[in-house]
Amino acid sequence: MDWGTELWDQFEVIERHTQWGLDLLDRYVKFVKERTEVEQAYAKQLRSLVKKYLPKRPSKDDPEFKFSQQQSFVQILQEVNDFAGQRELVAENLSIRVCLELAKYSQEMKQERKMHFQEGRRAQQQLESGFKQLENSKRKFERDCREAEKAAQTAERLDQDINATKADVEKAKQQAHIRSHMAEESKNEYAAQLQRFNRDQAHFYFSQMPQIFDKLQDMDERRATHLGAGYGLLSEAELQVVPIIAKCLEGMKVAAAAVDSKNDSQVLIELHKSGFARPGDVEFEDFSQPMNRAPSDSSLGTPSDGRPELRGPARSGRAKRWPFGKKNKTVVTEDFSHLPPEQQRKRLQQQLEDRNRELQKEVDQREALKKMKDVYEKTPQMGDPASLEPRITETLNNIERLKLEVQKYEAWLAEAESRVLSNRGDSLSRHARPPDPPASAPPDSSSSSNSGSQDNKESSEEPPSEESQDAPIYTEFDEDFEEEPVSPIGHCVAIYHFEGSSEGTISMAEGEDLSLMEEDKGDGWTRVRRKQGGEGYVPTSYLRVTLN
């Protein structure tokens, strides 16, 4: 059964159905496209989540990685990252095999449908035009017949009228003959037009339109077949990644089973045991006889003048005695001296760049005002030059103020950079691995150091000084500071030659491969390591950087 035979009179139905089929195809393409966006967003969020929770330091430098709990967690993060990659693969396959191909096929179907319906409408217009010609010839035949009959009646009446002249009778008979001849011609034309229309109509209904409907049926069936294949691709894209996803889930299961609590407890002991003996009892010191008592070797310390000395040993003993210390509250200063040296340098560099931008803006504004003033002086009708004086004065004051601030920040920055460069080696070693507690360190040092290694945002160790024995052993850094990685976070290639002549910089040759140790923090410099050894800063614009 075909449309051309069974639906010969349902032109509008076929038109609506084929349009509905193409709309369904487009709707499915749109659905798959949004599905790919969901998959891509899901994969992106998973990768961001993994990146957020992955350790900042390499596993070989992270003491926490010795714990099976941390190893399993990192393995789970890696499996989740692989899982995200499979979601991206699903999105890519759906985008290419469904969205692109079906969208292209939909456009082809629309063009084919448009061509078939245009062909059908042209055939219908031709048939309607033939029918109109038939109607016109029919009306003409009818009109000519009436005129011929009327002319014949007129000629007969004049022929019987005794008062009519012979000329009038002959004229009427001649007119009747002409009208009769015209009616005969109209009759022949009408008959020929009717025969032609019947032939065209039979061709239209039994040959032309059935062929067009059959073509539309074939097009719609091909569209449905492609759409069904597209439905199958939706599940096929999932089935392709199921084995790998199963491996990811199995890897998570293996990671969960690899947690060894007893071994982790032993690892913690080996990493952080201090070897100090627990504090003994505090002995009683008799101060009722200050002049006659003898100093006790085990007391908190009594000088020869009889007054107890509490500065050194007593305070130090108290620091050792309490493993949980309080943290200092940092006081924010204008030169950012409350921050660690590297962070101070970066903040000062940022402030200096901001001031330089403001200064350049004021300088440009001053130049523009001067040019405008010159124009006003040369062409007074455009404006009053004196009206610009207050703005020019304000701009000059801003320039002077900003220059002073730039000088101030440059001085602070130079001091901070010298401190950073001189302490860089110590900073690297301190961030790379927490130092083992020395034999003379107080018990709370190892405890606090352990808690510091468990959180990247904890404070770093600072030994108590003679002037501040009350201060806690650790200085709390800003919450946003992250530890510097000690292994490369990427690699880079030198685009230009650079001669590192200043302190803290390093030389490099054009085309040289370097290890990326620290990204540009906004100051235009990147820290790199050469393969033959040596680290230092080079201009960021001289590098082509690739992150791991």
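Glycine is treated like the rest: Cβ placed from N, Cα and C.
The structure displayed is predicted, hence computed values, not measured ones.
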Among 105-148, 281-324, TrEMBL marks as region 'Disordered' the stretch 281-324
DSSP puts the residues of the domain 'REM-1' (338-415) at 72 helix, 0 strand, 6 coil
In the domain 'REM-1' (338-415), averaged pLDDT is 85
